[in-house]
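K.L.:
Annotations per TrEMBL:
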{"type": "COMPBIAS", "residues": "11-23", "note": "compositional bias 'Low complexity'"}
{"type": "DOMAIN", "residues": "38-443", "note": "domain 'Major facilitator superfamily (MFS) profile'"}
{"type": "REGION", "residues": "1-23", "note": "region 'Disordered'"}
{"type": "TRANSMEM", "residues": "36-56", "note": "transmembrane segment"}
{"type": "TRANSMEM", "residues": "76-96", "note": "transmembrane segment"}
{"type": "TRANSMEM", "residues": "103-120", "note": "transmembrane segment"}
{"type": "TRANSMEM", "residues": "126-147", "note": "transmembrane segment"}
{"type": "TRANSMEM", "residues": "168-187", "note": "transmembrane segment"}
{"type": "TRANSMEM", "residues": "199-223", "note": "transmembrane segment"}
{"type": "TRANSMEM", "residues": "259-278", "note": "transmembrane segment"}
{"type": "TRANSMEM", "residues": "298-318", "note": "transmembrane segment"}
{"type": "TRANSMEM", "residues": "330-347", "note": "transmembrane segment"}
{"type": "TRANSMEM", "residues": "353-378", "note": "transmembrane segment"}
{"type": "TRANSMEM", "residues": "390-407", "note": "transmembrane segment"}
{"type": "TRANSMEM", "residues": "419-438", "note": "transmembrane segment"}
Amino acid sequence: GAGPGRAVAMGQQEPGGAPGEAAAGPAEVRLSRRRWAVVLLFSSYSLCNAFQWIQYGSINNVFVRFYDVSAFAIDWLSMVYMLSYIPLLFPVAWLLDRRGLRLIALAGSALNALGAWVKLGSLKPYLFPVTVLGQVFCSLAQVFILGMPSRIASTWFGSHEVSTACSIAVFGNQLGIAVGFLVPPVLVPNVEDVEKLAYHISIMFFITAGVATALFILVIIVFKEKPLHPPSRAQALILSRPTEEYSYVQSILRLLRNVNFLLLMVSYGLNTGCFYALSTLLNRMVLHHYPGEEVNAGRIGLTIILSGMAGALISGIWLDRTKTYKQTTLVVYIMSLVGMIVYTFTLSLTHLWVVFVTAGMLGFFMTGYLPLGFEFAVELTYPESEGTSSGLLNVAAQIFGIAFTIGQGQIMDRFGTKAGNLLLCSFLFLGTIMTAFIKADLRRQQANLDNEQT
């Protein structure tokens, strides 16, 4: 529902129920109108950052020729995102808990813009190290972005819309990858003349830098720490807890002793790692079977993502309605495996439309799984910080992403694309088995229910 009066809409920064008030009963629960602006703005700079992740990989062959480096070197421009995330996640998650959402949002959008401007200095073939540096800044920005969706959702949104809000926040990243598949092949055609190529690349880099800068300015203006009133009972409870009790290291150790969460963490990592490898290597896979089809390779990537966004939104709404976390997660995982098998065996049939259909089916379930994993994790680990649980999920995803990208790339070079895709199928099968063993211990649901009864 729409939030009450203008005062709330302005969302002044005031503590949401100091510990002293807790005794008198939790703070009043209300929704702020600003919440949609906050989640859409986050979604937008997350989009811009994800675009910068895949903008090289989606035209891998063009950048290989422009910078005169190996395909593996261009793959690293994608893997650097995964690599920098692993050591930096914990310091950033700690900052999120200590300093709050606004600082993290400012840092993420600022680094994203900085990376985009640095890339503008890499428009000569011998300046590959500069483009690497720009991509490193963007990869740092991503650390400040990936763990945010579930935190934004629970800080700003009511219990009946929290999964939908999380889906919208994850959406931006997916849409960015989609744009990253669609736009670079169109803006940067595979022309012979290096001068012309540099000109086309410069247009892409300039547009990106302009958009990233505009979004950073908007974050400064629009993004507030938290709404005036807590949006749900579960959130009011967290706000009424004294902060001294909370130890970050203890929280991580508790999570790593939670067997259900560990199973989810590994199975989430396997699924998302497959998705990262598939995205990074897609241009190479499609061009191997369909030479000269750069633009269609990008469109196939776009199809994977767009159908995945539909899957993510549907699964978010379905979770808010049914609360069937375990069942939904398992069904979607099984379908990801089926989709991957079908994609693997139809890629070489020399009919491009078949690849579009199978890639779309694969994307619907594989990407539809992302917000499911986040929300299921928050349920299994409440009242631990959402930033910590989703951060651990992301670390697993990045580790498997790097391993699968390198492994599948090497197998593709030696044994062909089918062998590389079968590697992913086997790991998705493993993930499906693990998902089946997770017990649905829904702690956040229980907290909301207990509160309604009291």
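A Cβ is built for glycine as well, from the same backbone N, Cα and C atoms used for every other residue.
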K.L.:
Report the listed stretch (36-56, 126-147, 419-438) having the maximum count of Cβ pairs within less than 8 Å of the transmembrane segment (76-96).
P.N.:
126-147
K.L.:
Taking contact to mean three or more C-beta pairs under 8 angstroms, with sequence separation of 6 or more, is the transmembrane segment (259-278) in contact with the transmembrane segment (168-187)?
P.N.:
no
K.L.:
Counting Cβ pairs closer than 8 Å, which of 36-56, 103-120, 298-318 has the most of them with the transmembrane segment (199-223)?
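P.N.:
That would be 103-120.
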K.L.:
Does the transmembrane segment (36-56) come near the transmembrane segment (330-347), with 3+ Cβ pairs under 8 Å (pairs 6 or more apart)?
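P.N.:
They are not in contact.
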K.L.:
Should anything in the same chain at least six residues away from the transmembrane segment (103-120) have a Cβ under 8 Å from its Cβ atoms, list it; otherwise answer none.
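P.N.:
Distal contacts: 42, 45, 48-49, 52, 92, 95-96, 130-131, 133-145, 148, 202, 205-206, 208-209, 211-213, 215-216, 219-220, 223.
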K.L.:
Quick check: do the transmembrane segment (390-407) and the transmembrane segment (298-318) share at least 3 Cβ pairs under 8 Å, counting only pairs 6+ apart in sequence?
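P.N.:
Between the transmembrane segment (298-318) and the transmembrane segment (390-407), which are separate recorded stretches, there is no contact, as judged by 3 or more close Cβ pairs.
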K.L.:
Note the mean pLDDT of the domain 'Major facilitator superfamily (MFS) profile' (38-443), expressed as a whole number.
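P.N.:
On average, pLDDT over the domain 'Major facilitator superfamily (MFS) profile' (38-443) sits at 87.
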